[in-house]
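Colleague: One structure coming up, written as structure tokens, with questions to follow.
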Amino acid sequence: MAVGKIIIAGNWKMHKTQAEALEFLTVLKSKVEETNETREIVLCVPFTALSILSKSLHGGKVRLGAQNVHWEDKGAYTGEISGPMLTELSVDYVVIGHSERRQYFSETDETANLRVITAQRHGLTPILCVGESKQQRDAGEAESVIINQLQKGLVDVDQSNLVIAYEPIWAIGTGDTCESTEANRIIRVIRDQLSNKNVTIQYGGSVKPNNIDEIMAQSDIDGALVGGASLDPVNFARIINYQ
Ligand SMILES: O=C(CO)COP(=O)(O)O
């Protein structure tokens, strides 16, 4: 059904060597040849796989994404990566503010905001991740947490080049998917916060071949950000080719 452009993105997190990435791509390409052009396919891969995939994807229907970008173009920031380093490799998307970055690497709404603005300055499309923890949900705070993340994360952001991913933390990597109707309800809450109502808003958290059809049948869900199930090309292709 979808409101914004449909984008199905795989977030490989810290998985796959270059050799494994190429092997994956060979299988995936063969399975998405017939995929409708209105569905954008994105692979958000480790930095080390960007170069080789960039060469193999050239001109194809699969787009490349990174998993982070720093707000400075260069400098003494050990372990970080800059916008020009990504655009040189034909990267189009970048995941920002993922809950794993927030939880394990002290990423904040303020740094996520700087990264989103920087991504846009370089012509990259940021995929800003928001979502509540189990504790926050149980306390009835899901909406207020997400609204706060959006208000801080979207300061001075151009909403004409933006993707939001709603990823409830308790549903990530747990097999515990958020009910699709509930994901749709929260995504409407997110859309209400935006000035551009056509922003692509994805759902992420235990998306699998057996639940994607129901998720994508919802009125406001414009795609998925897929973790574990995007590591297998057959599973990921089934998700891309949802009914
Ligand atoms: O974090 C996610 C995507 O960014 C979701 O991960 P899973 O699909 O493994 O739950």
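In case you wondered, yes, glycine gets a Cβ from its N, Cα and C as well.
What TrEMBL shows for this protein is this:
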BINDING   N11, W12, K13, G173, S206, G227, G228  substrate binding site
ACT_SITE  H98  active site, electrophile
ACT_SITE  E167  active site, proton acceptor
Colleague: Give me the non-local Cβ neighbours of G228 (substrate binding site): same chain, 6+ apart in sequence, Cβ-Cβ under 8 Å, ordered along the sequence.
Modeller: G173, S206
Colleague: In three-state terms from DSSP, label G173 (substrate binding site) for me.
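Modeller: The three-state answer is coil.
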Colleague: For the binding-site residues listed here (N11, S206), which one has the lowest count of neighbouring CB atoms within 10 Å of its own CB?
Modeller: S206
Colleague: Residues with Cβ closer than 8 Å to the Cβ of E167 (active site, proton acceptor), same chain and 6+ apart in sequence?
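Modeller: Residues satisfying the criterion: H98, S99, C129, V130, G131, Y203, G204, G205, L225.
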Colleague: Near the substrate site, what residues other than N11, W12, K13, G173, S206, G227, G228 in the same chain have a C-beta no further than 8 Å from the centroid of the listed C-beta atoms?
Modeller: I172, V226, A229, S230, L231
Colleague: Which residue, of the binding-site residues G173, G227, has its CB surrounded by the fewest other CB atoms within 10 A?
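Modeller: Counting other Cβ atoms within 10 Å of each of the binding-site residues G173, G227, the minimum falls on G173.
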Colleague: With Cβ-Cβ distance below 8 Å and at least 6 positions apart along the chain, what are the contacts of W12 (substrate binding site)? List them in sequence order.
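Modeller: Sequence-distant Cβ neighbours: L43, C44, V45, P46, A49, S230, L231.
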Colleague: Go through K13, H98, our recorded positions, and report the one whose Cβ sees the most other Cβ atoms within 10 Å.
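Modeller: Per the Cβ count, the most surrounded site is H98.
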Colleague: Given the binding-site residues N11, K13, G173, S206, G227, return the subset with CB under 6 A from an atom of ligand 1, ordered by sequence, or none if empty.
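Modeller: Near ligand 1, sequence order: N11, G173, S206, G227.
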